[in-house]
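Student: Handing you this structure, nothing more for now.
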Amino acid sequence: ERLGYKQQLRRSLGAIDSFASSIACTNFIGSTRVLLYLGLLAGGPLAMWTSFIINVVSVCITSAILSEICSALPISGSLYNWAAAAAGPKYGRFVGFVVAWWVAAAWVSFVALLCEGIVVWVLSLCNVFNVDFPGGITSGNIKWRTLVWAASEGFLVLATAVTYLPSRLHGVIFRIAAGLITLDFFLCIIWLPIGASRTYGLRSGREALLTTYNGTGAPAGWNWMLSFLFTSSVLTGFDAPGHLAEETKKAGTVAPRSIFRAAVVTGVGGLLTTVVLLFCMPDITALFALNAPQPFVLVYAMALGRGGGTFMTLVATIAGLFSTSVMILTASRIIFAIARDGALPLSDWFAKVSPDGLPRNAITAIFILSAILLCTILPSMVAFTSILSAGTVQLMAAYGLIALLRLTVTPNAFQDSKFHLGRARKLMYAVSVVMNAIFFAVLVSPFTFPVTAATLNFGGVLFAVITIIGILCYLILPDEKWLSNRNLQVMYQGANEPIPEYQ
């Protein structure tokens, strides 16, 4: 109300629901398993766990910065609103438009990638049961790519159908997703080591933690840096409670706490999962020799038997289904907020809310855009997987830009926040800027050397395209709606006053 908005969404989420939404969107156990091969190729085990520790520290600092501003501005669309506020009155609208497109594109791409990743994960059971697929189970086979595409579209339909349930049930969906992810996590760190120790054996401490590997062809130093592609891709999505803030009770306190706590849990849980998997996997050479789109499905079967491996795969798949639904719900709030501020074409349609407080049109938009992105699987899996780095690039850019603007433009703003960072805030802003800049550079870098047209990372190109689209919308779309719906001056009230000392 202070910012010029009226309450349209149903405010029914509690503290547990808010925290669960972030756990569901990060799904650290699923992301770690699926992306493990990236870390093994780039630096190997030693680079993976050491880089993960560095990334955990960075994520905790970044989440604290976001929590500080979230407490003052707990509204839907969070990241782009926070960036606009941090940019000050002169540049707020421009920055808001650009970051809005970054965030929207990132979350839509995450939905598509999650659908494809889970489908490839479960279809890897074909190798477990020795299914003879025509043309072979390989990305070079158009028949296989067609199967992956069709199954991914079907998975997207199923995940979207869950989101159309009445808004009063969304908290239940969040809790189910977080509960299944927790079950998956404990099965992975308890049952898998037991099974591996009884079959092919656990890796020694030296093999699991101290060995290196260069599967990228990059120079040794940069090959090590590329391990951040694995860690940074796992540790994203913790800002979900901010996007759902308008539906959260006591949002100024609950949402920022959920952001920070989820970042800590995701970081620690992802690091522990990484270490356990490094001990439980076969030798690196043997792992890459496994003939499956997702080799870890075969590792489950090797360690736990065909039945146990299938059970673990299905638990991860069901958890992924609910996680995808939560991600769609979160992404729809971003689209709703951006449209409400007039930063999208057809904004009035996108911003329409049903009587029970559900932005159904925004959900439909997420479904359509994700379905279109999935179609890129058909011509090239390389083009589709480039979306992964592009989506994460956009979030890293948004995180780093907010920290940079807080450091240089509005270091003393948002005094009504209940989570002031105190005297250490400027140091934290600076650290976040540097670390997110490093992650950005890694994510736009080629992953395989020498670089060819077939291995080119399109992430940087897609980031540039999205940025240009945001700038064009800023120049073309009228500013009356943005300025009337949200009084920018309110955000900067007291920005030049000194922040008092806090315990």
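All residue numbers here begin at 1 and follow the chain in the order shown.
Backbone N, Cα and C define each Cβ position, glycine as well.
Remember, TrEMBL labels are computer predictions, not curated facts.
Heads up, here are the entries from TrEMBL:
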type: TRANSMEM; residues: 94-124; note: transmembrane segment
type: TRANSMEM; residues: 144-165; note: transmembrane segment
type: TRANSMEM; residues: 172-194; note: transmembrane segment
type: TRANSMEM; residues: 221-238; note: transmembrane segment
type: TRANSMEM; residues: 259-290; note: transmembrane segment
type: TRANSMEM; residues: 310-331; note: transmembrane segment
type: TRANSMEM; residues: 362-381; note: transmembrane segment
type: TRANSMEM; residues: 387-407; note: transmembrane segment
type: TRANSMEM; residues: 427-449; note: transmembrane segment
type: TRANSMEM; residues: 455-477; note: transmembrane segment
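Quick one: where do these features end up spatially?
Tutor: Here the transmembrane segment (94-124) has long-range neighbours at 27, 30, 33-34, 77, 79-81, 83-84, 86-87, 137, 147-148, 151-153, 155-156, 159, 236-237, 292-295, 297-298, 313-314, 316-317, 320-321, 323-324, 327-328, 330-331, 334-335, 338, 341, 343, 366, 369-370, 373-374, 377, 384, 387-388, 390-392, 394-395, 397-398, 401, 405, 462-463, 466-467, 469-471, 473-474, 482, meaning same-chain residues at least 6 beyond its ends whose C-beta is under 8 angstroms from one of its own.
Long-range Cβ contacts of the transmembrane segment (259-290) within its own chain (Cβ-Cβ under 8 Å, at least 6 residues beyond either end) map to 19, 22-23, 26, 28-29, 31-33, 36-37, 39-40, 44-45, 48-49, 52-53, 55-56, 59-60, 62-64, 66-67, 70, 127, 185, 188-189, 192-193, 196, 200, 202-203, 207-209, 211, 213, 215, 231, 234-235, 238-242, 296, 298-299, 302-303, 419.
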Student: Under an 8 Å Cβ to Cβ limit, what residues of the same chain, 6 or more beyond the ends of the transmembrane segment (172-194), are close to it?
Tutor: 13, 16-17, 19-21, 23-24, 27-30, 33, 162-163, 165, 202, 269, 272-273, 276-277, 279-280, 300, 303-304, 308, 312, 315-316, 318-319, 322-323, 325-326, 329
Student: Residue list, the transmembrane segment (221-238) vs rest of chain: Cβ under 8 Å, 6 or more residues beyond ends.
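Tutor: Same-chain residues near the transmembrane segment (221-238) but 6 or more away: 22, 25-28, 31-32, 35-36, 38-39, 41-43, 47-48, 51-52, 54-56, 59, 63, 110, 212, 214, 259, 262-263, 266-267, 270, 327, 388-389, 392, 395-396, 438-439, 442-443, 445, 447.
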Student: Please check if the transmembrane segment (144-165) comes into contact with the transmembrane segment (362-381), where contact means 3 or more CB pairs closer than 8 Å and the residues in each pair are separated by 6 or more positions.
Tutor: yes
Student: For the transmembrane segment (362-381), find every same-chain residue at least 6 residues outside the stretch whose CB is under 8 Å from a CB in it, and list them.
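Tutor: Residues 107-109, 111-112, 115-116, 139, 142, 145-146, 148-149, 152-153, 156-157, 160, 163-164, 328-329, 331-333, 335-336, 339, 350-351, 387 contact the transmembrane segment (362-381) from elsewhere in the chain.
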